[in-house]
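**Student:** These came from TrEMBL, pasted as-is:
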SIGNAL    1-21  signal peptide
TRANSMEM  41-62  transmembrane segment
TRANSMEM  74-93  transmembrane segment
DISULFID  Cys132-Cys147  disulfide bond
Amino acid sequence: MASICLFWAAGLAIFTLGVWAQISLADYMTLSANRYPNAPLILLATGAAVTAWGFLGCLGVAANLPCLLRAYGFFQLATLVAGLAAGLSGLFYREDIAGGFRSGLQRAVAGYTEDEGRADALDSLQRALECCGAEGWRDWLTSDWGCRNRPLLSDDSEGVAAAGIHPHGCFRKVFSLCRPSARLINPITQIPVFVLFFSACSVVPNLLIKLDLCSDLIHIMVCQTDKRKLSEVNHRLCV
């Protein structure tokens, strides 16, 4: 029962991570060139599914339903494999994620007037982090918006600072803020996996033992019934 509660807690942790990603990383995912817009929704769906199956596991133990426990065990194994795959993919594709975000920022600056949603996300990011452009404020000089508003822009750093334009680019600022959190995200995502692993190690053997005990008990009951019938027949023959 304790392992099933741990499985339930792991599902809640994944669901909470999905809520945080949906709220905090929405603008960043809009600006990224990589196609990961549904990653928070996947985390939310996975967390909800794991939590629901944890409840069914508790129900199976409380009501003593072997079929439900067997289905719970298979789902737990599938969740373990999926969690390991997700954690390893996040570990191995960190550079790809960073490159996609850099490319997305550069594309958002270059086509600032083409996509209103991406332009709003870029404006929100620049205001929140007090940054300008992808690598720096000079990115705007070669953009469509910069070409149309070239009299308002200058290549003079002192003039830019006097105009209140932030000198630092958004890419470095975002990753300087996200680097400490990124080091924690992979361990946090792997904690539920280890919880699932240890709970599986405890649940599956217990489940198999219970099933074996049930089969042995049925076998003993059948054998005892046969012995009773045989003794009754022998008694009748002797009489």
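Each position is counted from 1, following the chain as shown.
Backbone N, Cα and C atoms are what each Cβ position is placed from, and that goes for glycine too.
Caution: TrEMBL annotation is automatic and unverified by curators.
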**Student:** Would you count the other C-beta atoms found within 10 angstroms of the C-beta of Cys132 (disulfide bond) for me?
**Tutor:** 21
**Student:** Name the secondary structure element type, per DSSP in three states, that contains Cys132 (disulfide bond).
**Tutor:** coil
